[in-house]
Each structure stands twice: as structure tokens, then as C-alpha cells.
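Feature annotations, courtesy of TrEMBL:
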- A:6-25: transmembrane segment (TRANSMEM)
- A:37-61: transmembrane segment (TRANSMEM)
- A:102-448: domain 'Cation/H+ exchanger transmembrane' (DOMAIN)
- A:112-132: transmembrane segment (TRANSMEM)
- A:153-174: transmembrane segment (TRANSMEM)
- A:180-201: transmembrane segment (TRANSMEM)
- A:213-236: transmembrane segment (TRANSMEM)
- A:248-265: transmembrane segment (TRANSMEM)
- A:286-316: transmembrane segment (TRANSMEM)
- A:336-354: transmembrane segment (TRANSMEM)
- A:366-388: transmembrane segment (TRANSMEM)
- A:425-444: transmembrane segment (TRANSMEM)
2 protein chains.
Amino acid sequence: MEPFTFILLELAFIIGLAAVGRGIALHLNQASVLGELTVGVLLGNILYWLGAPLATVIMHLEDTQKLVNEVWVSGAAIDEAASRVFTAQELAAGGIANELVTLLVGPHATEILLMTISLWIFSNLGVILLLFMVGLENSIAEMLKVGPRSLMVSIFGVVTPFFLGLLASFWLLPDASTPQHLFLGATLCATSVGITARVLGDLEQLKSQESRIILGAAVIDDILGLIILAIVIGIISSGSVQMLEVGRIVLLSGAFLVVVMLFGEKLVSWSVRLFYRIFNKLQVKLLFPLALAFLMAAFTNYIGLAAIVGAFAAGLIVLDEHFEGDSDTSPTTQDLINPIQTLFAPVFFVLMGMQVNLESFLHTDTLWLAAVFTIAAILGKLVAGYAAGKGINRLAVGLGMVPRGEVGLIFASIGKGLGVVDDSVFSAIVIMVVVTTLITPSLLKWSLERSTPYIK
Amino acid sequence: MEPFTFILLELAFIIGLAAVGRGIALHLNQASVLGELTVGVLLGNILYWLGAPLATVIMHLEDTQKLVNEVWVSGAAIDEAASRVFTAQELAAGGIANELVTLLVGPHATEILLMTISLWIFSNLGVILLLFMVGLENSIAEMLKVGPRSLMVSIFGVVTPFFLGLLASFWLLPDASTPQHLFLGATLCATSVGITARVLGDLEQLKSQESRIILGAAVIDDILGLIILAIVIGIISSGSVQMLEVGRIVLLSGAFLVVVMLFGEKLVSWSVRLFYRIFNKLQVKLLFPLALAFLMAAFTNYIGLAAIVGAFAAGLIVLDEHFEGDSDTSPTTQDLINPIQTLFAPVFFVLMGMQVNLESFLHTDTLWLAAVFTIAAILGKLVAGYAAGKGINRLAVGLGMVPRGEVGLIFASIGKGLGVVDDSVFSAIVIMVVVTTLITPSLLKWSLERSTPYIK
């Protein structure tokens with residue numbers, strides 16, 4: 001069989017399983033994304049216990065990336081590449097690096113890698129399209145209306161978890177250094193908006209005030225988080241705040257936001273009119289918005305923000321009225337992008353589930369640490385929700401900010417690389433990320449349905 | 001920047017360039033797919049001359065695949081892996097293997113590989129979705145109506161090029177062995193239906209008799225080609241026809257066709273009714289057909305046929321009436337899959353163009369060989385078109401069968417691996433494939449517009 005056949009089988013399998021997960025979740029009156037996550041957790045861990053190479057590689061995606069990268073950067077054999085990026089402990093028999101080296105050599109190694117890479121590509125594409133769709137549901141004007149509330153939520157959503165994290169760290173890790181305490185606090189600041197966006201979309205709540213506050217706060221949160229990370233890294237690596245780096249982030253992020261807010265919609269409107277003269281309508285309505293989303297996602301990632309922030313901003317500035325002159329029955333940009341998103345976004349959530357190693361919950365010594373971090377992480381964001389002000393469902397806003405997702409994991413692995421996060425703390429952070437991510441869909445759904453009983 | 005950012009930039013760039021290519025082609029009244037191919041040829045060759053690593057890797061995609069595969073299968077360093085899969089000549093300074101080893105090691109090696117792999121994934125996905133869409137436009141019943149004509153076209157389309165190829169080989173390569181002559185004849189039998197399907201789709205001609213004859217003939221051609229390949233390989237490797245292998249192909253392909261024709265539509269109809277009870281409509285209408293297409297493509301590839309044959313067959317058995325009960329205004333499966341296809345199919349044609357190395361046209365000694373092969377290849381399929389019988393545009397049918405595309409290249413590389421196709425003959429085959437692929441869109445468009453002046 002050609003290698004691509006394995007990718008087709010894998011994609012068909014994930015599509016099918018994700019649909020089953022959604023079906024079961026809806027049957028149990030849970031958020032459908034929880035079904036996809038759970039399917040991923042079960043699939044990943046069962047295959048992992050059975051010793052399936054693909055599941056092991058996916059569960060250790062970051063280590064695999066490091067190893068594969070080193071093989072190509074250095075041109076060395078995989079054994080030697082592994083000895084450069086892993087510790088002696090990881091390389092010992094039974095260690096993860098040892099296992100990866102064994103799995104990534106052999107007659108099926110190429111297929112395993114290609115299947116992993118394709119899942120990673122589809123998953124990344126999926127979450128970018130998801131946030132682009134979420135952006136399409138809203139506009140700059142609507143976001144600005146809730147701007148002050150979003151700002152308050154994001155400031156409190158960064159400050160409160162930071163201090164709660166510091167407190168927890170001082171209490172439970174009295175021997176840790178100041179940089180270690182600071183880094184742990186910073187790790188709790190992150191917000192990953194993917195899960196929340198999906199729940200809000202499934203409940204058709206994307207145009208509600210609560211949604212807009214959460215989405216706006218998530219964008220600001222991403223910028224604040226990046227600044228805090230830069231400050232903490234500066235303190236750790238050079239003992240002082242790197243004002244140049246902080247200034248660069250503030251300037252670039254600020255410039256991006258200003259350009260998007262002031263000129264974004266006009267630039268899109270002008271481009272659409274230009275392209276309508278050259279290309280056919282389907283292309284302008286589908287391919288131009290997609291290319292814009294990809295380029296803006298690449299740009300925000302280039303300046304250090306999450307790619308999904310750019311995709312969301314692209315969605316905000318593409319408006320249906322830009323394409324007027326079309327008949328009312330012709331599909332909108334949303335109609336056209338929805339099928340692509342429906343195909344790929346579930347891959348993101350299944351893959352996220354597959355990376356949860358249930359074994360990490362078995363170490364009782366880290367569980368206590370994890371429990372306290374998790375409570376600090378949740379409490380911190382609930383306080384932030386309270387800062388959203390009166391007249392709205394503040395609990396829902398807070399709950400919407402709770403998931404740490406991949407952002408928390410990125411922080412934790414940077415800390416691991418800097419030597420301020422040891423294995424036990426890292427496991428505790430992973431558990432915190434998993435728990436905040438897995439509990440959110442159901443709680444958010446419950447909170448929104450309670451306050452607006454008419455939603456389905 | 002995260003590695004995925006490079007993939008986003010690349011995809012946005014290819015989407016944009018493909019749209020420009022289509023725009024120019026339509027402006028010049030040429031088939032839009034020719035625009036995409038030309039954009040690919042120009043982009044690939046200009047970047048190649050400028051020494052861009054990505055273009056070099058893509059232009060030598062097969063060699064790259066061999067090398068990367070060997071690295072992971074053997075776990076050896078890239079130098080050693082290269083010494084195992086390439087000849088001394090290819091490994092010498094200036095040789096392609098030498099160049100690839102240099103390009104695939106270094107700080108950007110991982111990005112180059114990921115960008116190549118993602119293009120390859122999107123391209124494969126694109127052509128599978130394209131043929132699935134083409135299948136959706138038709139049904140089994142409509143295909144069977146032109147069945148006898150398709151059968152005649154495919155039989156003549158295999159026999160005539162085979163004997164013309166044999167003649168050309170005896171004439172121009174008098175010193176070659178019988179297996180070499182046979183293999184060359186077999187190489188000319190292939191039909192790659194992707195280009196033709198795209199032209200027919202763009203002209204909204206997919207429901208015409210000519211289209212159905214070509215599509216049916218292409219499916220049978222794929223089976224006949226596989227049988228001929230098995231026979232010729234058997235003669236080359238063991239000196240006799242491997243009846244067991246031929247029987248296996250006949251049996252599996254026959255069983256596949258029979259199951260699809262007799263039970264395909266019923267199975268889909270039954271599945272749709274079942275899934276409607278469990279899942280929501282969008283999922284059943286979009287995800288079930290997609291999963292079916294992927295699974296059937298994987299299956300045909302598993303039995304040795306092209307994956308696109310399975311995708312096309314999946315399209316044939318999915319009918320709009322399976323989803324009845326929906327309102328008339330809700331989007332059909334075609335409406336839902338079209339955006340995904342519109343995004344990815346152009347990647348296939350741009351990538352195909354990028355693999356055309358214009359340098360191969362510079363070797364005058366192979367050009368003569370190439371010219372004769374090309375004439376034999378074209379004439380052979382035009383005769384096949386004539387066999388389609390009266391009352392239709394036989395020239396268009398013949399032209400539709402002309403492109404050899406990737407199928408011809410696969411045959412040629414198998415021959416290279418078996419040692420019956422030397423470098424000069426290989427280059428001549430590549431030129432034949434390129435020429436038959438590039439001339440078809442315009443000629444087919446011209447021929448169809450001449451016979452049916454009302455088409456746009």
C-alpha cells in the first residue's frame with residue numbers, strides 16, 4: 001500500500017470515532033467536544049497500554065518532535081541524535097527516549113511518522129479554522145462594545161492565578177527558588193480558548209455578550225501571557241527584566257491590534273472588490289478568506305502570539321456585507337468554511353485527548369501538588385469572570401477562561417527546558433491542564449443553559 | 001515561529017498562486033487546470049534554478065521519499081542511508097543524492113521536510129476529493145449505460161499504445177532485451193484521469209456521455225494496466241507469467257466492481273438511514289460520505305489499484321436521494337465537499353507542475369526517443385477514442401484518455417527499480433508523461449467546445 005493509504009485510513013477512523021464520541025456525549029446531555037476529548041483519551045491510552053507504536057509516539061509528541069528534529073538538523077543516526085537531546089535517565093532501558101528510538105526505527109517507522117505528522121497537520125488546521133469560524137460570527141464593532149469588560153476579565157484572569165500560583169508554590173515547594181515560584185505562577189495565567197470556543201459554537205452562543213467577553217479576554221490574555229513569560233524568562237536567564245523584549249512584544253502586538261481594528265475591515269472590503277474583478281465568486285468567498293486567515297495566523301505566530309489569535313482576528317474583519325451583490329441564497333463564507341472545519345476540528349480535540357497519559361494520575365506524590373494547582377487555576381479564572389461586571393452570566397465567563405490546554409503545556413515545557421520545572425512539578429502541571437480542559441465543557445454548558453434556558 | 005506556521009504560509013502562497021494561474025488561463029481561454037500546472041512548472045523551476053532547497057526536494061520527491069524512508073527504516077545517519085539507496089554516480093559531487101543529503105541536513109531541514117510532506121498530504125487529499133466529486137456527479141446506472149463503449153475504449157486504449165510502444169522500442173532501441181521492450185509498451189498503457197476529470201468538471205461536462213465513457217474506461221484501464229504490469233514483471237523477474245498474481249488481481253478487482261455495482265447504493269442508503277437516527281444531518285451528509293470515500297480509496301489501493309478509483313466508486317454510490325427528507329434548500333453532499341476540494345485539489349496540480357524538471361528537455365539524445373514515445377502514446381489513445389463508437393465526440397474521448405500523469409511515472413520507476421528502464425529511457429518517459437499531461441487540457445477543451453458550442 002502507498003503511505004498515503006495509511007493516512008486515509010487513519011483520518012476515516014478518527015472521523016468515525018469522533019462522531020461516535022459526539023453522539024454519546026449529546027445522548028448524555030454533555031458538550032459534544034467532551035465526547036471527542038474522551039474518545040481521544042480512551043483511544044490513546046488503550047492503544048498505549050496495548051503497546052501500539054503510533055499511540056506511544058503521539059503521547060510523547062513533544063519528545064518525538066525534539067528527536068526527529070535533531071535527526072534532520074544534525075544528520076546523525078537516531079541513536080546519536082537521541083543521546084544529544086535526552087537525559088541519561090530518559091535514555092536508560094524503560095525510559096521514554098529509549099522507547100521512542102526503538103519505535104522510530106524499523107520497516108514501519110516511516111508510516112508511523114507520516115501518520116503522526118498528518119494528524120498534527122490536520123489538527124493544527126482544524127483549530128485554526130475553528131477560531132476563524134468563531135471570528136466570522138463576530139465583528140470588531142461587536143468586540144469593542146464589550147472591550148472594557150474583556151480587559152478587566154483578562155487582567156484579573158492573569159493577576160489572580162499568578163498570585164494564587166505563587167502562594168501555592170511557596171506553600172508546597174518551600175525549597176524552590178524565586179524564579180521557580182515566579183514561573184509556576186506564570187504557568188497558571190494561560191488561557192486556551194479552543195475548548196470554550198467549540199462549546200459556545202455548539203450551543204449557538206457565539207454572538208452572546210458572554211462569548212464576546214471571553215473571546216476578547218482570551219486575545220488580551222495571550223498578549224499578557226506572552227509579556228509575563230518574557231519577563232519571567234528574562235529574570236531566570238539574566239536576573240533582570242528584558243525590557244527590550246517586553247517592549248518588542250508590546251509594540252508588535254499593539255500595532256497588530258490597532259491595524260486590525262482600524263483598517264482590517266476596510267482592507268478586506270477593498271481586496272474583495274478587487275478580486276471580484278479577476279476571480280470567480282466561489283474563489284473570492286472561500287479562498288481569499290482562507291488565505292487571509294492563514295497569513296494572519298502566521299503573522300501572530302511570528303510575533304510570538306498564538307496562531308489562533310490571528311485566525312480569530314481574520315474572522316472578525318471578514319464580514320458578510322463585503323460580498324454583497326450575491327444572491328441571498330448563495331452560500332456565505334461561513335457556509336463554505338464550515339465543512340472544512342467540521343472535517344478537521346475534531347482531529348484537534350481527539351489528538352488533544354490522545355496526548356493525555358492517564359499514568360500521570362497514578363503518582364500520588366504529584367497528585368497533591370496537582371490538586372492545589374488545579375484549584376488555584378480554577379479559582380483564579382472564576383475571580384476573573386466576576387470582574388466582568390454585572391448583568392451577565394459571570395460564572396460562565398469565568399468557566400470559559402478556565403481551560404489551560406496547549407498554552408499551559410507550552411509554558412511548562414519552556415520551564416522544563418530552562419530547568420525551573422522539575423519532573424514532579426511538570427506532571428502536576430500536566431494534570432492541572434488536563435483537568436481544567438476536561439471539566440470545562442460540561443460546566444460551561446450547564447452554566448449557560450441555566451442562565452438561558454431556551455438554548456438547545 | 002512554530003513549524004506549522006511555515007505550512008500555513010506555504011498553503012496560503014500555493015492557494016494564491018493557483019488562483020492567479022487559473023485567472024490567467026481563463027483570460028487566455030485555456031483550461032484553468034493548465035494555469036495551475038503552468039504556475040507549478042514556473043514556480044518549481046525558477047525556485048530550483050535559484051537553488052531553493054524546497055524546490056529541489058519537491059522536484060526529486062521520489063528520491064527524497066526513498067532517502068527519508070531509509071533513514072527511518074534503518075535508523076542510520078543520512079550519509080549511510082544515502083549510500084544504501086543511491087548509486088555511486090548519484091552520490092558523487094553534483095549528483096542528486098549528494099545534493100539531497102546536503103539539503104536535508106541543517107537547521108531548516110525539519111521545516112523543509114514538513115513543508116514537503118504537507119504539500120504531499122494536501123495534494124493526495126485534493127485528488128481523492130476531486131475524483132470523489134466526479135463520482136458524485138454520476139451514478140452506477142448512468143455508468144453502466146455506456147459500459148460497452150467504456151470497455152471498448154479501455155481495451156483499445158491498452159492494446160494500441162502497448163503495440164505502438166513495442167514498435168517504437170524495437171525501432172529505436174534495437175539492442176534492448178525482450179523484457180525491456182515489453183515494459184516500455186506497458187508504460188504507454190496507463191491513463192491518469194485526474195487532469196481530464198478536472199477539465200470536464202470545469203466545463204460542467206461531467207454528466208455528458210463522453211465524460212462517462214472516459215471515466216468508465218479509466219477505471220477498467222487501471223485494472224488492465226495492473227494486470228499487464230503484473231504479467232510483465234512476472235516475465236522479467238521469473239521468466240514466466242505469474243498466473244497466481246494475475247488471478248489475484250482479476251479476482252479482487254472483479255469482486256470490488258461487482259460488490260460496488262450490485263450492493264453499493266443499497267449499502268449507502270441503509271447506512272444513511274441508520275446514521276440519521278444517531279448523528280445530526282450535517283455529519284451524516286458530510287462526514288459519512290467522506291469516510292466512505294477514504295475507506296474505499298484505501299481499499300482499492302490495498303488491492304493494487306489507484307486510490308482515486310475507490311474514491312470515484314464511492315462517489316458513484318452516494319446519491320442525493322439517499323438523503324431525502326431534507327429540505328430542498330439544505331446543501332447537498334456535493335455542496336459540502338466542494339469547498340474542501342476547491343481548497344486542496346489545486347495543490348495536486350501545482351505540485352504536479354513543480355515536479356516537472358525543464359532541464360530534462362535539454363538532453364537532445366533523449367528528446368528523439370521522447371518524441372516518438374509521445375506520438376505513440378497520443379496516437380494509441382486516439383485510436384481508443386475511435387473505438388467508442390458513433391454518435392459521440394470520439395476525438396474528445398481519445399484526448400481525455402491521453403494524459404499519463406503519475407500512473408506513467410509509477411510504471412517508469414518500477415521499471416527503473418527492476419533494471420529494465422535506463423536513465424535515458426526514464427527521462428524520455430518523463431517527457432512523454434509531461435507532454436501528454438500538459439497538452440490535454442487545452443486540446444480537450446477545444447474539442448468539447450467545438451462539438452457542443454453552447455458550453456461556456
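Positions of Cβ are set from backbone N, Cα and C atoms, glycine also.
Below 8 angstroms of C-beta separation, residues 180-182, 184-189, 191, 213-214, 216-218, 220-221, 224-225, 228, 368-369, 372-373, 376-377, 379-381, 383-388, 397, 401, 425 of the same chain, each at least six residues beyond the ends of the transmembrane segment (A:153-174), sit close to that stretch. With Cβ pairs under 8 Å as the measure, the transmembrane segment (A:248-265) is packed most heavily against A:286-316, out of A:37-61, A:213-236, A:286-316.
Within the chain carrying the transmembrane segment (A:6-25), a Cβ under 8 angstroms from the stretch's Cβ atoms is held by residues 31-40, 43, 111, 114-115, 118-119, 122, 343, 346-347, 349-350, all 6 or more beyond its ends. Long-range neighbours of the transmembrane segment (A:366-388) within the same chain, counting only residues 6 or more positions beyond its ends whose Cβ lies under 8 Å from a Cβ of the stretch, are 149, 152-157, 160-162, 164-165, 167-168, 171-173, 184, 188, 191, 213, 217, 360, 394-402, 404, 424-425, 427-429, 431-432, 435-436. With a threshold of 8 Å between CB atoms, the same-chain residues lying at least 6 positions outside the transmembrane segment (A:37-61) that come near it are 17-18, 20-21, 25, 96, 99-100, 103-104, 108, 112-113, 115-116, 119-120, 349-358, 437-438, 441. Here the transmembrane segment (A:286-316) touches the transmembrane segment (A:112-132). Their Cβ atoms form 3 or more pairs under 8 Å, with each pair 6 or more residues apart.
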